[in-house]
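Q: Pasting in a structure now, in structure tokens, and then I'll have a few things to ask.
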Amino acid sequence: MQSTLVSKYNVAGPRYTSYPTVPYWKNDNFSLTEWKKGVVKSFSESNTEEGISLYIHLPFCESLCTFCGCNKRITKNHNVETPYLESVLNEWRLYLELFSERPIIKELHLGGGTPTFFSAENLKLLLNGIFRDATIAENPSFSFEGHPNNTSEAHLQTLFDCGFTRVSYGVQDYNPTVQLAIHRLQPFVNVKRVTDKAREIGYTSVGHDLIFGLPFQKIEHVIYSIEKTKELMPDRIAFYSYAHVPWIKGNGQRGFKEADLPSAAEKREMYETGKKMLEEAGYIEIGMDHFALKSDSLYKAVEEKTLHRNFMGYTDSKTQFMLGLGVSAIGDSWYSFGQNVKNVEEYQDLVSQNIIPVYRGHILNEEDLLIRKHILNMMCKLETSWEEESLQFKELPEVLEKLAEMEADGLIEINATKLKITEKGRPYVRNVCMAFDLLLQRNQPETQLFSMTV
Ligand SMILES: C[S@@+](CC[C@H](N)C(=O)[O-])C[C@H]1O[C@@H](n2cnc3c(N)ncnc32)[C@H](O)[C@@H]1O
Ligand code: SF4
């Protein structure tokens, strides 16, 4: 039964870090002027009340991991650090000119690439430059992505002194066979060293990223990786399904063949086994791909119903306005999305001419806003409701009809006003969201745009 479900529901589908998803943005209605309008409106509506979120993309890595789907630039030349950070600060200044008051930073995330490619000193200069013209909110939530092989005590201490209390480390898998296949040799002692050090300094949440479905990975590799992870008991764990998206330009997924990847049924078994092991160890599954201890703020966010999802993934609280700085970064003004150019030189060049480097985006219409709410509800709370008239849309009856099959398969429960994803349906949350994704249904892609849902 389980394997029938896997083959039935294993289709290409979005991970819904946004709705509309990036390939469905209507770039024709979008312009830099429109983006700025959305920024000005959203900032003035929300800054005083809830503060803003800031995402800073730091794209450099010293070595290419051949599974990686992120936007990165591989180099060993650290002279790139200063000019890049100067561009980020200049981009920030371009936004400060649009803000009607001093921004209040509630959430800040350094992602990449590898933020710890940059020296601690340079990261401090960046943050001081950002904070000079901003106020830090009460109970801020500051986090960064650290590479276990190059995160130093100086990185951890400097960022902690700047207000960071959360760090997530890319672990992926502890087995040499898999590590060789993904070109990422990373011994357990390195992960232990940076995990222990972060705790010693005072970080309240240390996260580890694990992936199942990697090339040459077998179920016993997943079991071993989770056994090792349990020795360190990180506060949260991202347990991602490997997203195979080799058609994305420059992502470097190579060095292995499709045939070297586990099948969908094997992947599902890896997920089920991993989930069971994590739950036995005291982790609670959160939304999609995530597990947390009950003491972690992500679990508390579920309890307090404040869990939110945006381009950073899951976050503890929602801000209406999220600004993305740096190459390829995406911003979300709630009324619109805007993405920066993806090439480092082009990014630096535009910013040096005092041009906000956003090159594409989407203005959300009323239908988009409604569907976005339902998708966020399902991704964060595993349920949604259309009891209130304001949550209904024209095609809702057809959407619900489409879900009948998922109901028959036991993946969801629906009544007249509410939909709930069952425990059995949990691995298929992306599929349930796809039923609400009217843009995807109206315009089925001719080539594959998204990774498979299993
Ligand atoms: C930017 S990286 C983490 C920071 C640092 N560069 C490192 O590698 O340790 C963010 C995370 O995205 C996840 N990731 C990247 N490519 C992925 C893919 N193709 N499928 C699933 N997860 C992926 C990995 O778990 C990775 O740790
Ligand atoms: S996984 Fe991390 S270190 Fe490896 S290429 Fe991707 S961003 Fe760089």
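For all residues, glycine too, the Cβ spot is worked out from N, Cα and C.
I grabbed these lines from TrEMBL:
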| type | residues | note |
| --- | --- | --- |
| BINDING | TYR55, GLY112, GLU145, ILE330 | S-adenosyl-L-methionine 1 binding site |
| BINDING | CYS61, CYS65, CYS68 | [4Fe-4S] cluster binding site |
| BINDING | PHE67, CYS68, GLY69, GLY113, THR114, GLN172, ARG184, ASP209, ALA243 | S-adenosyl-L-methionine 2 binding site |
| DOMAIN | 46-280 | domain 'Radical SAM core' |
Q: Among TYR55, CYS68, GLY112, GLU145, please name the binding-site residues whose Cβ is nearer than 6 Å to ligand 1.
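A: Going through TYR55, CYS68, GLY112, GLU145 in sequence order, those close to ligand 1 turn out to be CYS68, GLY112, GLU145.
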Q: Hey, of CYS61, CYS68, ALA243, which of those binding-site residues are within 10 Å of GLY112 (S-adenosyl-L-methionine 1 binding site), Cα to Cα?
A: CYS61
Q: Got a sec? Which of TYR55, PHE67, GLY69, GLU145, ALA243, ILE330, the binding-site residues, have CB under 6 Å of any ligand 2 atom?
A: none
Q: When a 10 Å sphere is centred on the Cβ of THR114 (S-adenosyl-L-methionine 2 binding site), how many other Cβ atoms does it contain?
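A: The answer is 24 other Cβ atoms.
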Q: To see if you understand the setup: which same-chain residues, six or more apart in sequence, place their Cβ under 8 Å from that of CYS61 ([4Fe-4S] cluster binding site)?
A: LYS72, ARG73, ILE74, GLY112, GLY113, THR114, PHE117, HIS147
Q: Given the binding-site residues TYR55, CYS65, CYS68, GLU145, ILE330, which lie close to ALA243 (S-adenosyl-L-methionine 2 binding site), meaning Cα to Cα within 10 A?
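A: Those close enough are CYS68.
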Q: What average pLDDT does the predicted model assign to the domain 'Radical SAM core' (46-280)?
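A: So the average pLDDT across the domain 'Radical SAM core' (46-280) works out to 96.
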Q: Select the closest residue to CYS65 ([4Fe-4S] cluster binding site) from the following binding-site residues, measuring between CA atoms: TYR55, GLU145, ARG184, ILE330.
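A: Result: the closest of the binding-site residues to CYS65 ([4Fe-4S] cluster binding site) is ARG184.
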Q: For the binding-site residues GLY69, GLY112, work out the Cβ neighbour count at 10 Å and name the residue with the minimum.
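A: If we count Cβ atoms within 10 Å for the binding-site residues GLY69, GLY112, the smallest count is at GLY69.
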Q: Residues other than TYR55, GLY112, GLU145, ILE330 within 8 Å, Cβ to Cβ centroid, of the S-adenosyl-L-methionine 1 site?
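A: Here the nearby residues are ILE56, HIS57, LEU58, HIS109, LEU110, GLY111, GLY113, PHE311, MET312, GLY324, GLY326, ALA329.
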Q: Work through the binding-site residues one by one (TYR55, GLU145, ILE330) and name whichever has its CA nearest to the CA of PHE67 (S-adenosyl-L-methionine 2 binding site).
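A: Comparing Cα positions, the candidate nearest PHE67 (S-adenosyl-L-methionine 2 binding site) turns out to be GLU145.
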Q: Report, in whole Å, the straight Cα-to-Cα distance of CYS68 ([4Fe-4S] cluster binding site) from ARG184 (S-adenosyl-L-methionine 2 binding site).
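A: Answer for this pair: 10 Å between alpha carbons.
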Q: Can you tell which of the binding-site residues TYR55, GLU145, ILE330 lies nearest to CYS68 ([4Fe-4S] cluster binding site) in space, using Cα positions?
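A: For CYS68 ([4Fe-4S] cluster binding site), the closest Cα among TYR55, GLU145, ILE330 is found at GLU145.
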Q: With H, G and I counted as helix, E and B as strand and the rest as coil, say where DSSP puts CYS68 ([4Fe-4S] cluster binding site).
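A: In the DSSP reduction, CYS68 ([4Fe-4S] cluster binding site) maps to coil.
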